[in-house]
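Q: Could you have a look at this structure, given as structure tokens, before my questions?
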Amino acid sequence: MVRQLALACGLLAAVAVQAAPAEPAHPMVTEAPDASLLHKRATTCTFSGSEGASKVSKSKTACSTIYLSALAVPSGTTLDLKDLNDGTHVIFEGETTFGYEEWEGPLVSVSGTDITVEGASGAVLNGDGSRWWDGEGGNGGKTKPKFFAAHDLTSSTIKSIYIENSPVQVFSIDGATDLTLTDITIDNTDGDTDDLAANTDGFDIGESTDITITGAKVYNQDDCVAINSGENIYFSASVCSGGHGLSIGSVGGRDDNTVKNVTFYDVNVLKSQQAIRIKAIYGDTGSISDITYHEIAFSDATDYGIVIEQNYDDTSKTPTTGVPITDFTLENVIGTCADDDCTEVYIACGSGACSDWSWSSVSVTGGKVSSKCLNVPSGISCDL
């Protein structure tokens, strides 16, 4: 009996060993995601009223989407949107206003990578520039704040922004790469009254690469676009009214004095001082190359239809050769002067400093023909 019990116990033990489940495999341990980063990516923040500018400056890196709703930016204060987290989306809602102070600005500053800044339907950034306008612009009188610094932006977009009555220059684009601006409206028409607004450039571009501006509507009192330095810049499907037209320059006297590969395409220029202008500063050095104006229509130019000067800033002197203008194309450019006080085409080049120009289907009428053009390149004429 004892032997039988021992045998039975041995069998039960063997069964128990065979039936014991295998130890489960340990799962691979991975590091938990940073909860603070997840929070940042998922956070929508809204800032409004007179304290909104201060709060967004302190909290902007905690937000992936920032709504600026009816913001009232205090006097002497920049709406600080610099150094945003990659991928941040900023949306203006309602009317954004700015307190009055004589200072240089800017009123708004944005920087970062993969940033989107846009205006919601009906949103307005109102500079109320009449508080500063005195006919002097940036050349004297009251110190006036520039409006919007789009500096050090990479792979970013600014779209559907409506800016009204800027005190002085509007967009400063500097140190930017792969930046697209779409459907921007700049309305400074109130500044036409008594010629009080001045130097209200729409887009000033410097030291930037791969910049695209399309669908802009600019009503101002200075350059619609002024490209002082940069490469691969495209401006298209836009309207410029009341200002100084589509400008390269002024080039010279800066750290970077090279403008290369610029295209203006499908632009209407209305009631402006001139439609097309290239400005190389007298006595300075740099280069302007691969410039194309294509499908440009203009009407009622007051001073010039087309003007190219290598003695800008000192037009009483003989043009210099330090900023050559090469590979300059005009194609399908048609426009009118307002009256015979307007010179249809004026070219003032230094000796041998303008070359490889190609103009086709270019017509300017309604003004006077210049007899003072200098060193006009082969195949080009001031009498169209």
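Going from the start of the chain as shown, residues are counted 1 onward.
Backbone N, Cα and C atoms are what each Cβ position is placed from, and that goes for glycine too.
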Q: Cys373 forms a disulfide with which residue in Swiss-Prot, given the options Cys354, Cys382?
A: Cys382
Q: Could you give the residue numbers and ranges of same-chain residues that sit at least 6 residues beyond the repeat 'PbH1 4' (288-310) on either side and whose C-beta is under 8 angstroms from one of its C-beta atoms?
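A: Result: 245-246, 248-249, 251, 259-280, 282, 319-321, 323-338, 341-350, 353-354, 362, 364, 367.
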Q: Tell me, how many other CB atoms lie within 10 A of the CB of Cys373 (disulfide bond), whichever protein chain they belong to?
A: 18
Q: Just to be sure I understand: of Cys45, Cys63, Asp222, Cys224, Asn261, Cys373, which recorded positions have a C-alpha no more than 10 angstroms from the C-alpha of His244 (active site)?
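A: Close recorded positions: Asp222, Cys224.
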Q: For the C-alpha pair, I'd like the distance in angstrom between Cys373 (disulfide bond) and Cys224 (disulfide bond), rounded off.
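A: Distance (Cα to Cα, whole Å): 25 Å.
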Q: Rank aside, I only need the closest one: which of the recorded positions Cys45, Cys63, Cys224, Asn261, Cys349 has its C-alpha nearest to that of Cys382 (disulfide bond)?
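A: If we rank Cys45, Cys63, Cys224, Asn261, Cys349 by Cα distance to Cys382 (disulfide bond), first place goes to Cys349.
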Q: Which sequence-distant residues neighbour the repeat 'PbH1 2' (208-229)? Criterion: at least 6 residues beyond either end, Cβ under 8 Å.
A: 137, 166, 169-170, 173-189, 191-192, 195, 197-202, 235-251, 254, 256-259, 262, 264, 269, 272, 277, 286
Q: Mind checking which of Cys45, Cys63, Cys240, Cys349 has the fewest other CB atoms within 10 A of its CB? They're the disulfide-bonded residues.
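A: Comparing Cβ neighbour counts within 10 Å for the disulfide-bonded residues Cys45, Cys63, Cys240, Cys349 gives Cys45.
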